[in-house]
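Trainee: Sharing a structure below in structure tokens format, with a few things to ask.
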Amino acid sequence: MKFFALFIYRPVATILLSVAITLCGILGFRMLPVAPLPQVDFPVIMVSASLPGASPETMASSVATPLERSLGRIAGVSEMTSSSSLGSTRIILQFDFDRDINGAARDVQAAINAAQSLLPSGMPSRPTYRKANPSDAPIMILTLTSDTYSQGELYDFASTQLAPTISQIDGVGDVDVGGSSLPAVRVGLTPQALFNQGVSLDDVRTAISNANVRKPQGALEDGTHRWQIQTNDELKTAAEYQPLIIHYNNGGAVRLGDVATVTDSVQDVRNAGMTNAKPAILLMIRKLPEANIIQTVDSIRAKLPELQETIPAAIDLQIAQDRSPTIRASLEEVEQTLIISVALVILVVFLFLRSGRATIIPAVAVPVSLIGTFAAMYLCGFSLNNLSLMALTIATGFVVDDAIVVLENIARHLEAGMKPLQAALQGTREVGFTVLSMSLSLVAVFLPLLLMGGLPGRLLREFAVTLSVAIGISLLVSLTLTPMMCGWMLKASKPREQKRLRGFGRMLVALQQGYGKSLKWVLNHTRLVGVVLLGTIALNISIPKTFFPEQDTGVLMGGIQADQSISFQAMRGKLQDFMKIIRDDPAVDNVTGFTGGSRVSSGMMFITLKPRDERSETAQQIIDRLRVKLAKEPGANLFLMAVQDIRVGGRQSNASYQYTLLSDDLAALREWEPKIRKKLATLPELADVNSDQQDNGAEMNLVYDRDTMARLGIDVQAANSLLNNAFGQRQISTIYQPMNQYKVVMEVDPRYTQDISALEKMFVINNEGKAIPLSYFAKWQPANAPLSVNHQGLSAASTISFNLPTGKSLSDASAAIDRAMTQLGVPSTVRGSFAGTAQVFQETMNSQVILIIAAIATVYIVLGILYESYVHPLTILSTLPSAGVGALLALELFNAPFSLIALIGIMLLIGIVKKNAIMMVDFALEAQRHGNLTPQEAIFQACLLRFRPIMMTTLAALFGALPLVLSGGDGSELRQPLEITIVGGLVMSQLLTLYTTPVVYLFFDRLRLRFSRKPKQTVTE
């Protein structure tokens, strides 16, 4: 009583307290960062190593395995995967959430150093690492195009000047430059000319290497001067290499130009990048795991004018893709929805109270509670994201509830003739415990969420804390500011209502009277209502499930898979064909893509869609339409998926979800993977089924006759060196320039390597100086070979990726895969498990029931403590089954799967619908204790007295959530499952709990009386 009086009779202090809360909230709002979702990125580090010309199996055994053994000992590694392809190995380390990325990076460098002695000596450089997840979609893609500069020169500008500068920007984790390679001098040898001159490929390599050296020459001094010695020991361009003497034949000089074509070109000619049908160099920028995407993009954009000045004017630097516009639009949509929700909630209050003066009070309480929450969000290190803003939108209906309960009770005393200050004090005292019970029990719902681990826990923590803080501030405001404003603003007389609102008032009175009559009948037929309640509890609704709603971020990512033996020239043609099909789609704004490098048979595409207001289809509908057109393209497949704000795991795949096969027996894995993949491809629950196992590449298998080699004076080292020199794009020398280092690349001229007959033209110089054709001591035949070798941990692995067809959920796909694996009878040597997002989905589904039970148990404990009763909390919790059924029916009606967002809605319903029961039970207990009423009379009176605030609070929550259900702008697919569950649950529970709660109350009261009828014991001294 004194607590309430302190604020009611000191209006200045109360107002200033509220102003202070509001000012702190405004300051916090201005400093809050903006993001699509809470920070939930796993710390990921990518280790890269190269050995040009080495086969995938060689890279896996000699490079990947030693590194994996060393890296696997690092603390906090939750997953380690690797992929080895031609001349390249990439190892992805995913760490626990609480692992500091910088500390992990130091451990990774130490592990690389420890494994260095076990790696091949021929590696051109030490393994390197990057603090970025390669499976994440780039946050921005920049393109360089020019009509005057070559692709190699553009790549040089991009990798030498732009990429290092961008990498230094706060938040940038990796800048991947694609579309070509660094400039180089390429030496294309003519086999017949070499044979005619008696020159071996090793002779050419040695001559070039010896002719281009960079060594210190020292200095000369006399008594007064010092001269630095400088020589022309370096060759920089193709024109300088052309006249180089590499051999003497019969006294005549054999120059490089006599046996080779020397050109200024690039290190790897098997690379191509394009943007909208034009050759381009791509800079794909990824953020650090802990970085804020909006701040990082803004920093990059601010740097672009400076970057443009560092490159020639003839080079066009453009932004081909930017993830931030749709994120900003989505957040703006939520902010607008929040404002609409506040307006609708205040309108509900006005319609019920029919007094402008009374409506001002909750109209002040709502913004104070919401704005004050921003201060706590800033102190907790949160951001303005879709989930935190959704929490505030939902909180609109909650924070007004407390003010409504207090205001309505005070208004009832005023209408009865009590003086304003006395009514404020008496009314607040009567409902203070009710408001406290509602708020604490609502906050209690979120305690299990705060204790939840893993990605779901991280994802939901900001939502739970934001909503809890808003409810806490609302509780404070409703017990301080609201009664003070009621005491000083409201009048003792019954307010005059406007004529146009009298109809609503009469309707409300009629509704209350009708409810009273129906409630009397219900209380006389409690068994029938009990059967209805039990039937609701027993109702089982089967609904599809998924991890996270499929978002439309306006960006698509596509992976190209062609025949594994395809040539680079053919693959480049496929890329161009696919890009044309996509570019012609009316919903597409921009297309970029690249292919080549160590994976000639694959490529990547990034597609930017037009803004939502310029297209009528969702991203998934566009994918479905394009899938039909792309299927007509022979010889290759393009798998499209919508880029999501959440992607789990470090695997790069061509689809959204992954199923990984592991085995310690590589042969068994290669035998069963095609069988499993083909089986999964037939399932209607899956789409775009593909695999990262590429073991059907074309290989030319050479078998040496060692006896013949020994007789001819040739060793294996010389033969292998021949093949590497001829076909390995061997980097044989380095050209040093002020800004970068470039390579001299030697190979047989591509004109002479169009078919396997090129091997017949190869020869080795033996120890007697004679040219011995390769065919003298080797036989060859075509065979299949792996284009990549994949590991997870230290086991051989193959990942099958898939998307979901329209109308199918992740739970459908998961169940179908489990059935298929059982039907196939896969041996125990091959183990299958979901990976990435699908794995988190499995873990989340297993914990959902426990989470809901924990929330209900927590609420029961809190209510039991508040009411000092085991029974009354059960009465209050009896409202939950109808709400849960209503939520699931609503999801079924809107064809929405049960996702993590829908789970939040269920948790919220646990907190929302029990408010009705709390108000009824609270007043019924008070009437029984002090009004000498029977339980039936008490609960009947409580239901009638609390009918208006129950309707007000329920409609406030309903209208607070309604704008999110009806919104269709950016990010709506993320928000709607939450609101659908809340609206469906509220409608169903409102229809039932007004009748079932009194029945349950009377049932437990009779039960209590039955067990309390015990003979009294006498105590004797």
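Counting begins at 1 with the first residue displayed.
Glycine is no exception: its Cβ is also placed from the backbone N, Cα and C atoms.
Pasting the relevant annotations from Swiss-Prot:
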- 1-6: topological domain 'Cytoplasmic' (TOPO_DOM)
- 30-335: topological domain 'Periplasmic' (TOPO_DOM)
- 354-359: topological domain 'Cytoplasmic' (TOPO_DOM)
- 380-388: topological domain 'Periplasmic' (TOPO_DOM)
- 412-430: topological domain 'Cytoplasmic' (TOPO_DOM)
- 454-467: topological domain 'Periplasmic' (TOPO_DOM)
- 491-848: topological domain 'Cytoplasmic' (TOPO_DOM)
- 872-890: topological domain 'Periplasmic' (TOPO_DOM)
- 914-943: topological domain 'Cytoplasmic' (TOPO_DOM)
- 967-980: topological domain 'Periplasmic' (TOPO_DOM)
- 1004-1021: topological domain 'Cytoplasmic' (TOPO_DOM)
- 7-29: transmembrane segment (TRANSMEM)
- 336-353: transmembrane segment (TRANSMEM)
- 360-379: transmembrane segment (TRANSMEM)
- 389-411: transmembrane segment (TRANSMEM)
- 431-453: transmembrane segment (TRANSMEM)
- 468-490: transmembrane segment (TRANSMEM)
- 849-871: transmembrane segment (TRANSMEM)
- 891-913: transmembrane segment (TRANSMEM)
- 944-966: transmembrane segment (TRANSMEM)
- 981-1003: transmembrane segment (TRANSMEM)
Trainee: Can you work out which residues elsewhere in the same chain, 6+ from the ends of the transmembrane segment (431-453), have a Cβ less than 8 Å from its Cβ atoms?
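Mentor: Sequence-distant neighbours of the transmembrane segment (431-453): 4, 398, 401-402, 405-406, 409, 460-461, 463-465, 467-468, 471-472, 474-475, 478-479, 847, 851, 854-855, 858-859, 861-863, 866-867, 876, 907-908, 910-912, 914-915, 918-919, 922-923.
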Trainee: In the predicted model, what is the mean pLDDT computed over the topological domain 'Cytoplasmic' (914-943)?
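Mentor: Value for the topological domain 'Cytoplasmic' (914-943), mean pLDDT as a whole number: 81.
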Trainee: Looking only at residues six or more beyond either end of the transmembrane segment (389-411), which have a C-beta under 8 A from one in the stretch?
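Mentor: Answer is 331, 334-335, 337-338, 341-342, 345-346, 349, 352-353, 358, 361-362, 365-366, 369-370, 373, 423-424, 427-428, 430-431, 434-435, 438-439, 442, 462-464, 466-467, 470-471, 473-475, 477-479, 482-483, 486-487, 490, 908, 911-912, 915, 919, 948-949, 952-953, 956-961, 963-964, 975, 978, 982.
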Trainee: Name the range, of those listed as 360-379, 468-490, 944-966, 981-1003, that has the largest tally of Cβ pairs under 8 Å with the transmembrane segment (7-29).
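Mentor: The stretch I would name here is 360-379.
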Trainee: Out of 336-353, 360-379, 468-490, 981-1003, which stretch has the largest tally of CB pairs under 8 angstroms to the transmembrane segment (944-966)?
Mentor: 336-353
Trainee: Could you pull out which residues elsewhere in the chain have a CB under 8 Å from any CB of the topological domain 'Cytoplasmic' (914-943), counting only those six or more residues past its ends?
Mentor: 401, 405, 430-431, 433-434, 437-438, 441-442, 515-516, 519-520, 523, 859, 863, 867, 872, 875-880, 949-950, 953-954, 989-990, 993-994, 997-998, 1001-1002, 1005
